[in-house]
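Taken straight from Swiss-Prot:
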type     : residues                   : note
BINDING  : 2-31, 65-66, Thr96, Lys246 : NAD(+) binding site
ACT_SITE : Lys171                     : active site
Amino acid sequence: MKQIAFIGLGHMGAPMATNLLKAGYLLNVFDLVQSAVDGLVAAGASAARSARDAVQGADVVISMLPASQHVEGLYLDDDGLLAHIAPGTLVLECSTIAPTSARKIHAAARERGLAMLDAPVSGGTAGAAAGTLTFMVGGDAEALEKARPLFEAMGRNIFHAGPDGAGQVAKVCNNQLLAVLMIGTAEAMALGVANGLEAKVLAEIMRRSSGGNWALEVYNPWPGVMENAPASRDYSGGFMAQLMAKDLGLAQEAAQASASSTPMGSLALSLYRLLLKQGYAERDFSVVQKLFDPTQGQ
């Protein structure tokens, strides 16, 4: 049975690690938050004293951290993990980071004889808990096949996006589109209600018409339209607005690097930055509804 080092047990990492335990894998886990470690230990994992300790004897290293600087620090610092992971180890980096950062870590890992994949995920905390995540994978196809059983223990859809960094490119493209669709849905909902339509009726009309999209299907931003959506619990839980702003920033970095025109992505980033200034950083990203009707969700 493979020994897995899992580093980063936040809202996404913890349920992903739990599903690996359920699949029978042996886990050595580390997080800076002790309560997160304790929860995994209670589920059957072993606790490491440090990230460096976690990777000792590991066949696979999985990391799930907040941002590029954390991931680069973990692997590339003077005493970073790449200096302590045994050659031949498979490294799965599942955080959402800049494609340039992913490529930098890929190159450093390859120099040390490590097989690495950038494998950001989509599906949110619910998908992480249910084991239905989508993995967007960048890197060597042979390494992906070795990692496939692990991905299948945590997710439902596994896509090989392309070479080093391609998983991260796919992720920022997806999340930019998600933000634009959510903003458009929120704007349309506010317009219709302001002109006398009942919110649930309007939502159903649009859902079944050419404007239909994921937000209208399962994540409507108008409170009360969908009982289980974050909008109906004061925008708590879900995918925080500050994380969407981070991902939109990564998309803009990629756009600048490739001289791509992304006016909608740029506007979306401006709107989410405005939400952060208004104090909604830790609310679900569907809280963008408040920019179009500030009375909603109060």
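Using the three backbone atoms N, Cα and C, a Cβ is placed for every residue, glycine included.
The model shown is predicted, which means the values in this text are computed figures rather than measured ones.
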**Asked** Do you know offhand how many angstrom separate Leu27 (NAD(+) binding site) and Lys171 (active site) by C-alpha?
**Response** 27
**Message:** Just to confirm: which same-chain residues, 6+ apart in sequence, have a Cβ under 8 Å from the Cβ of Lys171 (active site)?
**Reply:** Thr96, Pro120, Val121, Ser122, Met136, Asp247
**Complete:** Note: in the chain of Lys22 (NAD(+) binding site), residues six or more apart in sequence with C-beta under 8 angstroms of its C-beta are Ala153
**Message:** Fewest other C-beta atoms within 10 angstroms of its own C-beta: which of the binding-site residues Lys2, Ile7, Leu27 fits that?
**Reply:** Lys2
**Prompt:** What number of additional C-beta atoms lies within 10 angstroms of the C-beta atom of Met12 (NAD(+) binding site)?
**Reply:** 26
**Prompt:** Across all chains shown, how many C-beta atoms besides its own are within 10 angstroms of the C-beta of Leu65 (NAD(+) binding site)?
**Reply:** 22
**Item:** Spatial neighbours of Ala17 (NAD(+) binding site) that are distant in sequence (at least 6 apart) but have CB under 8 A
**Value:** Phe6, Leu9, Leu27, Val29, Leu40, Ala45, Ile62
